[in-house]
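Colleague: For reference, Swiss-Prot lists these features for the protein:
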- 1-28: signal peptide (SIGNAL)
- Cys50-Cys103: disulfide bond (DISULFID)
- Cys51-Cys66: disulfide bond (DISULFID)
- Cys54-Cys99: disulfide bond (DISULFID)
- Cys56-Cys64: disulfide bond (DISULFID)
- Cys73-Cys80: disulfide bond (DISULFID)
- Cys77-Cys92: disulfide bond (DISULFID)
- Cys82-Cys90: disulfide bond (DISULFID)
Amino acid sequence: MVLMNKKAIMKLALMLFLLGFTANVVDARFDSTSFITQVLSNGDDVKSACCDTCLCTRSQPPTCRCVDVRESCHSACDKCVCAYSNPPQCQCYDTHKFCYKACHNSEIEE
């Protein structure tokens, strides 16, 4: 009887785990360039990453986050969140102790 009870509990736990695992919906677009850079990283990710609007805390060391909204996140981003819109609006939620270089010139583009 105890063995049957353990089997039932294990089956229920496995079913709940699989249900929770398959219920997660991920809205992702396949970008071959970011896929290749994730698989074969050569250290250029940080060099190619950029941010026009970077916010930092006043703590020492500062905690900085890029608040740019774009169609895709840069290749060095680990936590990219995209809105369900067309075109997609994505924002990187990584935090660092520094800001990336600016993507555009500080002059207003026409």
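Each position is counted from 1, following the chain as shown.
Just so you know, glycine gets a Cβ as well, placed from its N, Cα and C.
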Colleague: Please identify, among the disulfide-bonded residues Cys73, Cys80, Cys82, Cys92, the one with the smallest Cα-Cα distance to Cys54 (disulfide bond).
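Modeller: Of all the candidates listed, Cys92 is nearest in space.
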Colleague: Just how many other Cβ atoms lie inside 10 Å of the Cβ on Cys80 (disulfide bond)?
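Modeller: Its Cβ has 16 other Cβ atoms within 10 Å.
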Colleague: For Cys90 (disulfide bond), what residues in its own chain, 6 or more apart in sequence, show a Cβ-Cβ distance under 8 Å?
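Modeller: Within the chain, Cys90 (disulfide bond) has Cβ neighbours under 8 Å at Val69, Arg70, Glu71, Ser72, Cys73, Cys80, Val81, Cys82, Ala83.
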Colleague: Mind giving me a neighbour count for Cys99 (disulfide bond)? Other Cβ atoms within 10 Å of its Cβ, every protein chain shown.
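Modeller: Taking every protein chain into account, the count is 16.
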Colleague: Report the nearest neighbour of Cys56 (disulfide bond) in space among the disulfide-bonded residues Cys50, Cys66, Cys77, Cys92, Cys103, comparing Cα positions.
Modeller: Cys66
Colleague: Measuring CA to CA, name the entry from the disulfide-bonded residues Cys51, Cys64, Cys66, Cys77, Cys92 that ends up nearest Cys103 (disulfide bond).
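Modeller: For Cys103 (disulfide bond), the closest Cα among Cys51, Cys64, Cys66, Cys77, Cys92 is found at Cys51.
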